[in-house]
């Protein structure tokens, strides 16, 4: 054995080493959700009758069920009190076992003290966890790995079973609501909900629906015709409005005029109609139009006598609506101006209760009260669309006896202001300067001492004469300029 020679060590092989990985994919068979449905037997239904567009089945239809969504109760529950009292024998047994219970309580207290001392000596455990008991769930027991289970686990929501329009009633039924049952604890009563119907387009809150429906019957009434003619009229009578259709206006300023529809505005329920008389395009509400046949349109627009008499009057009425309205407005404005001139204070030196002689009536008024630096009130409602009506201003310059230039408190200058557009202004407080504008003391400046509103009189102390005079409100005006000594 010792003499046997050991074989020489083999030289390391230089062959390359390679590693390979293979992956085998196993096709897993997923559970087919439709297997259970396929296995269920299919119920065949047979057709019994066909009524119009409805198919009547052999099997009776299922009665609709009231959907109820139950209300989830609150998790904070209390233990109900026991209704059955304990018998007397049990009470005696409890009294006898009080000593045993007290001894057990003492032992528990001693054990808790020992465990507390051990924890204080050992320190705080960083991995200590206290499980949280969820609301409405039962706590888990020691040694069990299961999670706390809720006492009332909600079912999986089936959204297809409850339509959107029935969701609200289903919720109310789950809360205890029933149809016809009053709501409330003290004064329970059934309150019917108010359902607002959508108004037709083009009819606002002030419009009457019945009037809009009656417009169709306002048109021209034809004498009764035979049944054959009536049927022909119904067949030839167009229905609805469209571009190029002949119509007649039933109400409004263009009532009785014929035309053709040029365009429709469905948002505002209005139509653009080209009138046959005048060839004008007007905008009319669709409720005021009635479609007519082409024959009726030609018969009312091609007769020269008819056009010359009725249509011309209608055209004049339609075209003259704006002018008549303007004339009426001007007439009303003139009446208002006349009433305003009667109501405002008239600046006349002497007033007589008796009749005025004709010579005095015919005599022109040559006394004017305009003066510089007077504080006046603008009373014309028509000037600049009433922008300066009842505005206080100061006379800057007098261009003529009855024309002046005024300046407002904001600095705006009004030129060519007539005397009848202004009214004298009386200061409210005593001690303000006023100017006498009418009478023998016209042009003099004084101080206002007192006022008598009932008699429209005021006591004015004239500076130069140093006397107190009683004047009417129409004869004085608030003065904003220098004293009367500087005016001479």
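Just so you know, glycine gets a Cβ as well, placed from its N, Cα and C.
Owing to the predicted nature of the structure, the values given are computational and were not obtained by experimental measurement.
Annotated features, as they stand in Swiss-Prot:
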COMPBIAS  1-11  compositional bias 'Pro residues'
COMPBIAS  73-95  compositional bias 'Polar residues'
COMPBIAS  224-236  compositional bias 'Basic and acidic residues'
COMPBIAS  307-331  compositional bias 'Polar residues'
COMPBIAS  332-341  compositional bias 'Basic and acidic residues'
COMPBIAS  349-363  compositional bias 'Basic and acidic residues'
DOMAIN    164-210  domain 'G-patch'
DOMAIN    231-258  domain 'KOW 1'
DOMAIN    401-428  domain 'KOW 2'
MOD_RES   2  N-acetylalanine
MOD_RES   25  phosphoserine
MOD_RES   115  phosphoserine
MOD_RES   485  phosphoserine
REGION    1-20  region 'Disordered'
REGION    72-97  region 'Disordered'
REGION    216-241  region 'Disordered'
REGION    295-367  region 'Disordered'
Same-chain residue ranges lying at least 6 outside the domain 'KOW 2' (401-428) that approach it to Cβ under 8 Å
341, 344-345, 347, 368-370, 374-380, 383, 388, 391-395, 434, 437, 448, 451, 458, 473-474, 476-478
For residue 115 (phosphoserine), list the number of other Cβ atoms lying within 10 Å of its Cβ atom.
10
Could you tell me the mean pLDDT over the domain 'G-patch' (164-210), as a whole number?
79
Per DSSP, three-state class assigned to residue 115 (phosphoserine)
helix
